[in-house]
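Q: I am attaching a structure below and will ask some questions about it afterwards.
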Amino acid sequence: MPGDREQGIIAAFNFTVERHNNNRMNPFKFGHRNRDMRTSAADTWGVTKKLCDDLQSGFMLMIAGETSRLHSAFLGVADHLEIPFINWDLSPLMPQDVGPNSMEVSMRPPTAELLADLIIQKNWSYIIYMHEGRNSQNVNQIYNFIHQKSNRSVRSEIILIPRDPSDFGDFLQKFNLQRFLSNEPKRIIIDVQTSYRQQQFLAAIRAAQFNQHHYHYVVANFDFSPYDIEVFQNGNTNITGFQLLSRERGEYAALKRHVESQKFYPTPDKNIDIESRLAFVHDAILVAKAAFEQTLRKNDSLFHQNFRHGDLFNRGYPGIFCHPRYDAKYEDRPFGTFEHGRAIVKALHAVQLGEKDGTLTGHIEFDRFGFRKNFEVTVVDLVSNSKSAFNKKETMEWKQSVGFIANRTVAQHTRKNLGDQSSKKIVKVATVLVEPFVMIKRGCENASKNGTECQGNERYEGYCIDLLQLLSHRIDEFEYEIFLSAGNKYGVKQPDGSWNGLIGYLLNGEADVVVASLTINQERERVVDFSKPFMTTGISIMIKKPDKQEFSVFSFMQPLSTEIWMYIIFAYVGVSVVIFLVSRFSPYEWRVEEMTNGGFTISNDFSVYNCLWFTLAAFMQQGTDILPRSISGRIASSAWWFFTMIIVSSYTANLAAFLTLEKMQAPIESVEDLAKQTKIKYGIQQGGSTAQFFQYSSVQIYQRMWRYMESQVPTVFTSTYAEGIDRVRNHKGRYAFLLEATANEYANTRKPCDTMKVGANLNSVGYGVATPFGSEYKDHINLAILALQERGELKKLENKWWYDRGQCDQGITDGSSASLNLSKVAGIFYILMGGMIASMIAALCEFLYRSRIEARKGRINNMQNLRDSLYAQLRLSFQGGAIAKEGSQAHEALKRQKASAMLPAQYTDPMTSEEFMTIQMGPTNRASGSGRSRGGTQGGPVAKRPKKDEESLYAQKSQLLLGQMDHIVKTNNILRNRLYHVRKEINYLKKLKRVLWQRLIFHGEQCFIESELEIPDKPDNEGATSSFDKVMNDVATGVTGTVPKRRRNDPKKAAAVAAASAAMKQEEDASRRVSQIIDGILTEMHNERLVSRGLHIPARHPTNNIRVMSPHMEAHMLRASSCDKELPEGPE
């Protein structure tokens, strides 16, 4: 291209930058430098060197126009240093070849999808693609789009265009000669980069007069100007061109005047349009401006540290260097990319501009790869007309990701003519019967048999009917008439290109508006207009509700896992062991108790059994009679109490929710679960938007589901939603139906309430009001829907038809429905009954065991006596108390039990009456005639006594012994009363003893003397003195040093101590005398029994040793009396 045309790009660049800088409202100004990078394609090093030199001067953005020759050099520097790069041409890279961190955005939109849609629309099966070599990959992209959008097979021939424009004529002549004999239609796509080369090629086509009807040219860039349209319209050439520029805007006119004023072109012509590259340069400056403004809005101080005295600093160093060694001033400079480059590129990808922002190429928006998206192109199609010398001109609108849109100009013209016919036109509204959107009122199924209440619009009810009423209130002169679609069809494109259903009614002019649950999708948007969505929904999964969960006998244990229950048991045993150990080792858990015989005993309440009982009671939130007194025991108990509080609270909360809420476990939870199993079949409605979603989806899982549904025999597709819902209800959980969420949720609220929605929606779509292109009602409907959304009217309608009229329980239950039943808590009753039965068995065992012991003591040798004893104890158990009359068997048993309780620990059982008679009367002459004399000799005659004398003697002796026993009991009671009064006199002595005991423990000396005090055999030995009295006397006289000196000479205290010692002596003597009396009587009876049996009588009974104090207490007292250390001061 001649150099003067490159100057036009520089002029457009300078014009846009200066226009921005001259606007005082802009928060910043651009500093720029123009560089001519034209060089040989192999000199990439020279281009890179120039770019690095410019970046050292402090530039942070590159704007260039390269497609293939030097693109790698620009992109390499941009990616290496993270410098944003705006390419006003189209990047030669494919989208799949662009890395995730690319710094490039392209201003020229790609044409591959547009060309693919054009080929599909015109039904071409063979094309010839002529290109310059730079964009050969565009053919592959065209094929990719053709395969995505149709099953059409297209053949292609690729031809390279000469570089020299002067060779275009010869090239076309040769091309024509090669195909002169072929009558096959020739669809030629011309893909050249610049407007200049395009004009030269089109001029060669006109000169060659390739105007046959079977030739059709497609100009594959955006420089098809009105001048070209005028020239080719006057000929017989079939040609299609694309227009992107907004030529009617003032910015375009201003840029054109500026470029023409520079006189770059030798022969300026007002009919010649400026090339599209200048418009892309203009819009590139606007995109850069928008990106910087967006970056500064997020952080207005982002660049404050980067500019110092007008110079750019990057990471603390001036400029941006490709290699740090090039910086001679800062030798220690490390390599660093531009610190804000990523933020600026992110802002570039987020830019959205339109014609209102001054753009010349329409809507500007970028995808994540940096390519233009959502742009619109005007397609001008000039077709030769055999009846006229002029070509027929057709204009179509094409939108990226949407496709071709019908001629809006014609539609608007038609609609205006219709609107002029009548000022009060009745709007025809088409719809379909789908609950709850549109339904026939109850009783109006047969309109001919009903009155006027079921005529016209009054016959219908539902969400869409209420929506129409709200729209009619907000739109003037909006009177409507509702009619149903034949076959209840939404609309599907037919093989011949026509539409049926609701869409067909709009295209054929039979309906003005469609108000139904009509999904907005790409294919429908190509042929009709949609309003703003009045409801958002998506594809969801419907399954049959699973059966309610059956509770086991021990359901109350399910709120906690088995693992937790095992840990609780281990914790219970472990805490019991810890409490037992700390109670044994801590001295504060031992308790000193005084015995009735004057001694002392040390006990500990926390035995193994008590520890287990205490821990269990705490876990059950109950109390016990024992509590720890030591710090260690209280710490362990507190930790266990805290543990039980948390466990019990958590269990209670989980149990309440678990037992009252009936949880239903669905067999599938998401679309992934549905796709990876084969037990449950699934299907969709045939021919709707849901089917299109699965059929054309690029998601692998949805493609696999579509193949599965197509392969099923019998078919899983349904003709209506109602059929699919019936399948779900009748197939016992073996069929799932995929439908839109609105219909799913509504069906779930209707009886028999046996379906449910699972998982999230597969997509997000909207329902809109459809109108033909150019409809006069579209804008009014949009405004009305937005107003209804803002006021919440649409949400009220949704609640009215989906939830307020629901026939199923939606989770709000009354007390009866949430109450517990027996199946949930049966295990608790079983445990209660088991505990009661175990308790009764234990009581029976205790009763039998006690009865056996009593039988052994009572010498019950026959079954009759055992039954009598059991009967007596049973009667006592049931009566709760009894009075034993004197002389009765119970009275005798209680006397024997009381007497045995008074015996010493080593005393044997008393003799029986038979043994007593043997001792007194001698052996009787039994059947053998032999016996044993009292003295132990055998043989000799024995005088026989009458039986009455023997019984009389036995009775006398028994009465004598019983009288002695009664006397002993009375004497013992008298002595106990005397001891009670003595104890009251020595209360002060006990207090003193406690003080001494605390001092002895507090002292902690390591003197250990263990001895045992014994009372001499003769209790009346006045010279014998117990060690206890000795210690008490030593304490009173201050020998051991435990009492302070100020109290050793205190006469009151000394007298009290002496009185206490005397009282203790008297108590000891009294107890000894009682013991001697009882021991004497029992010893006499025992000796008589032993003599009767010929046994040796010991000289001294072992019960003479009576302990007057506990060994533990006595050891401490002896230890204190034998230590040389002085006891510290203790408490008072």
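Think of each number as a place in line: the chain as shown, counted from 1.
Backbone N, Cα and C atoms are what each Cβ position is placed from, and that goes for glycine too.
Heads up, TrEMBL stuff is auto-annotated, nobody curated it.
Not my notes, these are from TrEMBL:
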BINDING   Thr519, Arg524, Ser689, Thr690, Glu740  L-glutamate binding site
DISULFID  Cys52-Cys322  disulfide bond
DISULFID  Cys753-Cys808  disulfide bond
DOMAIN    436-508  domain 'Ionotropic glutamate receptor L-glutamate and glycine-binding'
REGION    922-950  region 'Disordered'
SITE      Ile668  site 'Crucial to convey clamshell closure to channel opening'
Q: On the Cα atoms of Thr519, Arg524, Ser689, Thr690, Glu740, which are listed as binding L-glutamate, what is the maximum pairwise distance in Å?
A: 17
Q: Can you give me the Cα-Cα distance between Ser689 (L-glutamate binding site) and Cys52 (disulfide bond) in Å, rounded to a whole number?
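A: Per the Cα atoms, Ser689 (L-glutamate binding site) and Cys52 (disulfide bond) stand 54 Å apart.
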Q: If you compare CA-to-CA distances from Thr690 (L-glutamate binding site) to each of the recorded positions Cys52, Cys322, Ile668, Cys753, Cys808, which comes out shortest?
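A: So, spelling it out, the nearest of the recorded positions is Ile668.
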Q: Have a look at the recorded positions Arg524, Ile668, Glu740 and say which one has the shortest Cα distance to Cys52 (disulfide bond).
A: Arg524
Q: Restricting the comparison to the binding-site residues Thr519, Arg524, Glu740, which residue's C-alpha is spatially nearest the C-alpha of Cys808 (disulfide bond)?
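A: Closest by Cα: Glu740.
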Q: I'm trying to understand the geometry here, so how far is the Cα atom of Arg524 (L-glutamate binding site) from the Cα atom of Ile668 (site 'Crucial to convey clamshell closure to channel opening'), in Å to the nearest whole number?
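A: With distance taken Cα to Cα, Ile668 (site 'Crucial to convey clamshell closure to channel opening') is 33 Å from Arg524 (L-glutamate binding site).
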Q: In Å, rounded, how far does the Cα of Cys753 (disulfide bond) sit from the Cα of Cys322 (disulfide bond)?
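A: Cα to Cα, Cys753 (disulfide bond) and Cys322 (disulfide bond) are separated by 70 Å.
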Q: In whole Å, note down how far the CA of Ile668 (site 'Crucial to convey clamshell closure to channel opening') lies from the CA of Glu740 (L-glutamate binding site).
A: 18
Q: In whole Å, how far is Ile668 (site 'Crucial to convey clamshell closure to channel opening') from Thr519 (L-glutamate binding site) when you measure between their Cα atoms?
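A: On Cα coordinates alone, these residues lie 27 Å apart.
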Q: Counting other CB atoms within 10 A of each CB, which of the recorded positions Cys52, Ile668, Cys808 comes out lowest?
A: Cys808
Q: So which other residues, same chain and not among Thr519, Arg524, Ser689, Thr690, Glu740, have a Cβ within 8 Å of the centroid of the Cβ atoms at the L-glutamate site?
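A: Sorted by sequence, the hits are Tyr490, Leu518, Asn521, Gly688, Gln692, Phe693, Val765.
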Q: Go ahead and report the DSSP secondary structure tallies for the domain 'Ionotropic glutamate receptor L-glutamate and glycine-binding' (436-508): helix first, then strand, then coil.
A: 32 helix, 13 strand, 28 coil
Q: Within 10 angstroms of the C-beta of Ser689 (L-glutamate binding site), what count of other C-beta atoms is obtained when all protein chains are considered?
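A: By my count, 22.
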Q: Within its own chain, what residues at least 6 apart in sequence put their Cβ under 8 Å from the Cβ of Cys322 (disulfide bond), listed in sequence order?
A: Thr48, Leu51, Cys52, Leu55, Val77, His80, Leu81
Q: With DSSP assignments reduced to helix, strand and coil, which class does Thr690 (L-glutamate binding site) get?
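A: Helix, per DSSP.
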Q: With DSSP assignments reduced to helix, strand and coil, which class does Cys52 (disulfide bond) get?
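A: Its secondary structure by DSSP: helix.
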